[in-house]
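Input: a single structure, listed below in structure tokens.
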């Protein structure tokens, strides 16, 4: 599996260390193991996880500006855990309302010695951080409108929303609230993944 991940990463411009590769593979192994009992993801095959979960997450690492990030509706830690492994100098809060997911993330953080992740069990509307985040990340929301509406209280003054999407939809943009606008759309190239992926960056209007 390690060799397969190295081959996938070689098809991108990402730079990874041996330790990062070991941690990413370790995460997939733990996810595969826990998934049998806890049903954390619909993806069952570890090789498929490498593409749909690891590569789909880590390609975003090149676009993160700032130090403090929150992954809302992280599920089993996606994209938060792979991003934290790729960006050890940044801090990631991983938010989910389901206890089994947060227990899994705590186990991952402990076993793989990931120092820059804070798992939080909470509904997003009830979570009140002491300070805002530079980036609010999610691939969990059905629409960007849902994302910015539920997470409006989370960005810092100059913070952004980072929505991981499949197709980029002008219809979704039209449905955004007036206080929010799309500042950038970045097509993401993910080796061996069928279908298009986009990172949509949204900002509150001043």
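Cβ coordinates are placed from backbone N, Cα and C, and glycine is handled just like the others.
As recorded in Swiss-Prot:
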- 73, 78, 124, 125, 139: S-adenosyl-L-methionine binding site (BINDING)
Candidate with the highest Cβ count within 10 Å, taken from the binding-site residues 78, 124:
78
For a quick check of packing: other C-beta atoms within 10 Å of the C-beta of residue 125 (S-adenosyl-L-methionine binding site), how many?
12
In terms of DSSP three-state secondary structure, what is the assignment for residue 125 (S-adenosyl-L-methionine binding site)?
helix
